[in-house]
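Since the structure comes first, as structure tokens, the remarks are kept for the end.
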Amino acid sequence: MDVLGQTTRLASSSALLQVLFRAVTFGLNAFTLRYLSRELLGVVNVRLTLLYSTVVFLAREAFRRACLSGSTKQNWTKTINLLWLTVPLGVVWSIFLGLVWLHLLEVPDPSVVPHYQAGVVVFGLSAIIELLGEPFWVLAQAHLFVRLKVIAESLSVVSKCILTVILVVLYPQWGLYIFSLAQLLYVSVLVMCYVIYFMMFLGSPEATKKSFPVARMKALLPNWVEDETFVNWKEARLTWSFFKQSFLKQILTEGERYVMTFLNVLNFGDQGVYDIVNNLGSLVARFIFLPIEESFYVFFAKVLERGKNVKDQKQDDVAMAANVLELLLKLVLLIGLTITVFGFAYSQLALDIYGGSMLSSGTGPDLLRCYSLYVLFLAVNGVTECFTFALMCKEEVDRYNFVMLALSFTFLCISYFLTHWHGSVGFILANCFNMGIRIAHSTHYIYDYFKESTYRPLAGLLPSPVLLLVYIISGVITGFSEVMFCCDKGWMARLAHISVGALCFAATVITMFCTETKLVHFVRSQFLSRYMKKGT
């Protein structure tokens, strides 16, 4: 099987899927802004979504990483048994965190945000329902079922959005009932898509041809094999290591929302604005960087063996992994630099078009400009940690947990103080600091891993000097353009500003094609080709 080819197909399809998700969510937020209060959106998008994402992340993230790290000789019966433990774990987390959300946190004003208690219960329940599909998701991801993931997540997101729009227009007074019902529909459609697919796939000629390791639907339920342990204890111990790490990673990933939720540094209305700007700023990070990280984690875990040094690996596999890592780093670095450079000059215009003066006045533009810089950190960190986590042995994961613990505490303290000093912009500055430390750790690991070989994949973090010069010139020109044309001088001035940016962007892309030929070939052959015939 061409692992690299199928992995890049998975990343490409996931990226296109994320474009759909974010485009729909983007439009949905713009639509709901006209019908619902900022306070209601703040409670849904920060408070309740944080409850759901925390339960799901803590219950399944460690299991996903551990179970996708197995070799081709993996005992899937024991792996599936282990994955079903996510459900009771999710129930425990859902009940515990639900009580915290209901009784320890500030309750919104019922006249502004009605039905808060029902929202907490339903979002916690939706997390448990989604965990019922975890064995199916891991099995599909391990065998690179690209089409299944695309169809399942597309149908669930579209269903959720259609129901939300209908209820917002017809029954805006329902408040959180609207988003609760839409969330239940989302997870139900998602799980049913996976279940129905495997009901049709298992036992089919295609499954037999592929020698699929599971033959019947019954095998996807917990099974006790006589004279054998219920789970693979090596996987279970690795899961426990990743679980300790995932707890800390969740704090780092959603740190600003925890600070907002537990320390009340922003009111619900400001939280709503922050979340809208945050979603706008993270569009590219979510629909490009996250699919690349998830898909190439599987690639590196399959090509290289966890816990072995570079000399003990197959050298052909090492060469391929090093080459792919270098090109991935170069790819995400250039995407991040492009967003950073052009984001500074076009943040205010983007917010003005999207949400009017409510978003483009005040701290909104500064927040989005800072997020443009943060995207660059996100880009590099996603790929470096993707490789690092795919190769770390259990002991290294445990050591890294201590680093994450110290970083989590530091991040929360910095977030709190920077927010008091600079409002919501402080959250982004704290995130940049957090990502910078994580990048330093991951690049150090990659350097140590390859230092006894002839490969230097970190060279991918060094773009061409000519290209860097073009970025600087583009930043200066678009900055002057913003001062001259944006954003209160009419639509003709705005179009002039957009035209200047388009010309600078075209010059940047042309320079990329001329100076980064190896990367261009990689993107063409792996991401833009539908069928992959060979690895780079």
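Every residue gets a Cβ built from N, Cα and C, even glycine.
Per TrEMBL, the features are as follows:
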type     : residues : note
TRANSMEM : 40-59    : transmembrane segment
TRANSMEM : 80-104   : transmembrane segment
TRANSMEM : 116-138  : transmembrane segment
TRANSMEM : 150-171  : transmembrane segment
TRANSMEM : 177-202  : transmembrane segment
TRANSMEM : 327-351  : transmembrane segment
TRANSMEM : 371-393  : transmembrane segment
TRANSMEM : 400-419  : transmembrane segment
TRANSMEM : 425-447  : transmembrane segment
TRANSMEM : 459-480  : transmembrane segment
TRANSMEM : 492-514  : transmembrane segment
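Only sequence-distant pairs (6 or more apart) were considered; of these, fewer than three Cβ pairs between the transmembrane segment (150-171) and the transmembrane segment (116-138) are under 8 A, so the stretches are not in contact. A contact between the transmembrane segment (459-480) and the transmembrane segment (116-138) is absent, since fewer than 3 of their C-beta pairs, 6 or more residues apart, lie under 8 Å. Contact between the transmembrane segment (327-351) and the transmembrane segment (371-393) is supported: at least 3 Cβ pairs lie under 8 Å, counting only residues 6 or more apart in sequence.
Counting residues 6+ beyond its ends, the transmembrane segment (400-419) has Cβ neighbours under 8 Å at 241, 244-245, 248-249, 251-252, 255-256, 258-259, 263, 265-266, 392, 425-427, 429-431, 433-434, 437-438, 441 in the same chain. Long-range contacts of the transmembrane segment (371-393) within its own chain (CB-CB distance under 8 A, at least 6 residues past either end) are made by residues 65, 69, 277-278, 281-282, 284-285, 289-290, 292-293, 296-297, 300-301, 304, 306-307, 321, 325, 328-329, 332-333, 335-337, 339-340, 342-344, 347, 400, 428, 431-432, 435-436, 438-439, 441-443, 445-446, 449, 461.
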